[in-house]
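**Student:** Sending over a structure as structure tokens; questions will come in a sec.
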Amino acid sequence: MHVMPMIVQCRALRARLAKVIFAASAALCAVSPGAALAETRQFSMIIEDTILKLVDKQTFHVFSFNGQSPGPLFHVKEGDDVEIEVENQTTLPHTIHWHGLYQRGTWKHDGVPDVTQPAIPPGETFTYRFKAEPSGTMWYHCHVNVNEHVAMRGMWGPFIIDPKDPPPVEKEVTKDYIMMFSSWTSAWAKKPGYGGVPGDVPDFFTINGKAYPDTQPLRIKEGDVVRIRLIGAGDELHSIHIHGHLFEVYAKDGRPLANPYLADTILFGPGERYDLILRADNPGIWMVHDHIDKHTTNGSSPMGGMMTTIEYEEIPVKEQSFYKWKNKEFVPDFYYEESMKKPLDMHESPAFKGDPAP
Ligand SMILES: [Cu+2]
């Protein structure tokens, strides 16, 4: 009964101690400008059985990271040495693959069972060590039974690596959002260890683990330079359309494009990432949605799934009598936008926490 909280406390203490050491080393670095020393960053993550609410009454048994799905944000700098201790408290084996990272000289930390390591058995811990490179929008996910663990057990999270020398447009960004897309087959919701097989009919579709109307608006203001990082974390194609604007398709899989282009709709598939730059110049309330129409349903009900809005501060939302979200309770950090403003670290978000599975 008391063993688990003690382990957690120990971990928290260790993490805090590590932070103090790193803060001290960072201060030392600050007195030698130009040294540009890579930092070592240590984190820990526990994989747990968790019940996540997708929307309304639809819950799903997931394997969460520190109780949340999507998992915590890892936000580090290019060249940092990263150590992540992963403890498996579920009854099934898992690994973590750091999608997009080079793993030069550390291929045994790429997180693929039976290819780069044995899977982490229930009750055991594995520490991943690698250099944060290349820069850009990366992500992490389990690589055991990906058809189930990634496709419908919520085992993914964002891994953002800031470039050492950011291009000018990145310095202009005022709001930075992360959107992870995934689909779910409710027939398997209560059957961990099963599912993700041919014949599945996905019937719930989420952005950051929630389906409309339980998603959140992107709150911006005129003049904002908005970066939106789209991550195909699930098993389907998506065709995301943003109303009222053209955005610049800025980066693909973390790499800035040689020839960025303007668009209002972007198609991407499982595993892909696109970074969009949107200049906020058209105050209003604007729809953002997947144009693959079945992805905007919840079960058999229309007007759900992968939909959200952009709300400009200039528009008094509560006065729009027709607006579905006029009285919505706003949950910040739903797109990691608050965490992205904080110092480099691992950031958890209450917005993504579920309940412990019985
Ligand atoms: Cu797994």
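Yeah, the Cβs are placed from backbone N, Cα and C, and that goes for glycine too.
Pulled from TrEMBL, these are the listed features:
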type   : residues : note
SIGNAL : 1-38     : signal peptide
DOMAIN : 56-164   : domain 'Plastocyanin-like'
DOMAIN : 202-300  : domain 'Plastocyanin-like'
**Student:** Is it possible to list how many residues within the domain 'Plastocyanin-like' (202-300) are helical, extended or coil according to DSSP?
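**Tutor:** Summed by class, the stretch gives 4 helix, 56 strand, 39 coil.
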**Student:** From the DSSP assignment alone, can you count helix, strand and coil residues within the domain 'Plastocyanin-like' (56-164)?
**Tutor:** 7 helix, 51 strand, 51 coil
**Student:** Which value does the mean pLDDT take for the domain 'Plastocyanin-like' (56-164) in this predicted structure?
**Tutor:** 98
